[in-house]
Amino acid sequence: MSKPLPRKLFVTTALPYANGAFHVGHIMEYIQADIWVRFQRMQGNEVHFVGADDAHGAPIMIAAEKAGLTPQQFVANIAAGRKQYLDGFHIEFDNWSSTDSPENHELSREIYRRLRDDAKLITTKSVEQFYDPVKEMFLPDRYIKGECPKCGTKDQYGDSCENCSAVYAPTDLKHPYSTLTGATPVRKSSDHFFFRLSDPKCVAFLREWALDGQRLQSEVANKAKEWLEGEGGLGDWDISRDAPYFGIEIPDAPGKYFYVWLDAPVGYLATLKNYFDKTGRDFDAFMADPSTEQYHFIGKDITYFHTLFWPAMLKFADMKVPNNVFVHGFITVSGEKMSKSRGTGISPLRYLEIGMNPEWLRYYIAAKLSSKVEDIDFTSDDFIARVNSDLIGKYINIASRAAGFITKKFDGRVATDWATSDDAFLSRLRNVASEIQALYDQREYGKALRAIMEQADAINAYVDANKPWELAKDPAKEAALQEVCSRLLEAFRILTIYLKPVLPALAKQVEAQLNIAPLEWHHIITPLPHGHQINPYVHLMTRVEPKMLDALFDMPALVDATVGVPTSPSNKDGDTNGNGHAIESIAPEIKIDDFAKIDLRIAKIVNCEHVEGSDKLLRLTLDVGEGRMRNVFSGIKSAYKPEDLIGKLTVMVANLAPRKMKFGISEGMVLAASAADEKANPGIYILNPWPGAEPGMRVG
């Protein structure tokens, strides 16, 4: 097996917006890209894997103002928290920068000048914008909501629809409102700069680039074709925003700034340039090299920007266009979209803080991923079963059944001068290398791991057939015992090579255990030498326990989502109540129509009992006056005894969709209060109406 010719790869993930911590969707994407990068490096390829914070835009400007910080300080505070997530999940970017970097200012302006002066693709138009008469500012797209003009979905942002992926002008929204004040915005005119995406040369290029059948995933190419050939074709792209705005000022246009979606993807190039400048590499030469390959891993919600605007910008700025854009779906939890308020989210930081092995999640996500644009679903039972069965029961089990005998009986030395008649066992394992290699390269991680686990099954069958524990009982069979266990360790070594892109930390432990240098792909054909001495066996990985998943979802700040307590303990405004305790900041205003969607009802607690296996939940049987009882799980066990609640009245959200939990179906949400500062006041206070209220009465 010869090493392939090295490739030169430039790889990015979508830039996270610098207004909050990473969520599990970010981590999923970073794991997907990190696996691919690690695999490519194991092939001997040159890979530059870079990321950055998306730092510009009105949301950050407004959030910084509210926090009493400059936008730069606000972004720096967010960036300071990134490392614990990336290190925690073994995600290794070569560089992490910001779109507010000098490199991004320079490159964004240069690309704009080329589009304006050379390609003649920048034009100016007078635009009617929404203006908030209360806030006295033009409203950014994300601070306007309304009904999608294409599909009619309500509460969509002012630039694109999350339901149908349509892109439109904010003024196209039906029934718009300001998310800052709730006011109905008024229209005002302003001169804006546009990138002429509708120009025939842009359209011709995008047809070739997006629809050639050699690049984009079929689902993505079909969507691009729909956009290119839809009624009206491609529209020109508004790339400017009016002051006040935190961003990059447009050359020769005082008071005008690049829309964040222009400079954000340029951040891919800027963070690579920043990295090359720090390491003494020539950025311009690297990007001009025709052998350089450029790849972007992104979520399906930003496909339009990355498959139309971005490649067209680069093409007509005379810069390298992406070789491909790899689009993935979302991650759901038990079939539901992630939501803090419903308790269906997974906190990556919580996962790490409670001591869960990050490589469990890396493996589980990889096992679910394919090259298709499909959502992946996380369920606790499947997570436990897959990790314990595959990693512990199949993979780790091989080493645990062989290494101990080698250490105890043979001074840790393996015997590899085997009879050629038995070579088929390891040959079969090595012969799947090219198949697994191709699957990794195609991002078919789920298929790759299934193929690897099939080999693990065959190895465990070899264990059962040769029974080393029986051989160890007979002194006359020591040579056979050493050979069997040595073969098993060699098989384990090869499996570790196959799994190393997914499980880098575990692979490092195995390398130390086997007393070998870091494993590369080409080491598959090079066995441990005869007489090689391994180190004493130490336990490599523990099993997942159900109580860990309970702890993951029974987050104190969420109280299992059946209690309406704050989802953030922070108080950035420093407000206090009459007792001097910090209170959570008031949420943005909503319209009365939004509140009217929530059906709050008086409920009688007919029965209440502990939930076996949960430290936080109580099971409530509620009468809401509808002729049947409801089952609701509530995370209030720390505050109430079941017998103290039976017969009491409370308030519940009656029209919340039933949620499937580990312990059963929860048919609503009981309301309760808790302090933002749990140390000052750790209590949970269930709502209890005054005498006279009856089950079924509506609260409003």
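Using the three backbone atoms N, Cα and C, a Cβ is placed for every residue, glycine included.
What Swiss-Prot lists as motif ''HIGH' region' is 16-26. Listed as Cβ neighbours of the motif ''HIGH' region' (16-26) (distance under 8 Å, sequence separation of 6 or more from its ends, same chain) are residues 53-55, 57, 59-60, 63, 74-75, 78-79, 81-82, 85, 98, 299, 330-331, 338, 345-349.
The feature Zn(2+) binding site is assigned by Swiss-Prot to C148, C151, C161, C164, with sequence analysis given as support. The secondary structure of C164 (Zn(2+) binding site), as reduced to three states from DSSP, is coil rather than helix or strand. Less than 8 angstroms from the CB of C164 (Zn(2+) binding site) sit C148, K150, C151, T153, each of them six or more residues away in the same chain.
Taken from Swiss-Prot, the feature motif ''KMSKS' region' covers 337-341.
Taken from Swiss-Prot, the feature ATP binding site covers K340, and the record attributes it to sequence analysis.
Each residue in the domain 'tRNA-binding' (594-700) has a pLDDT score, and their mean in this model is 82. The domain 'tRNA-binding' annotation in Swiss-Prot covers 594-700.
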Listed binding-site residues (C148, C151), ranked by Cβ neighbours within 10 Å, top entry: C148
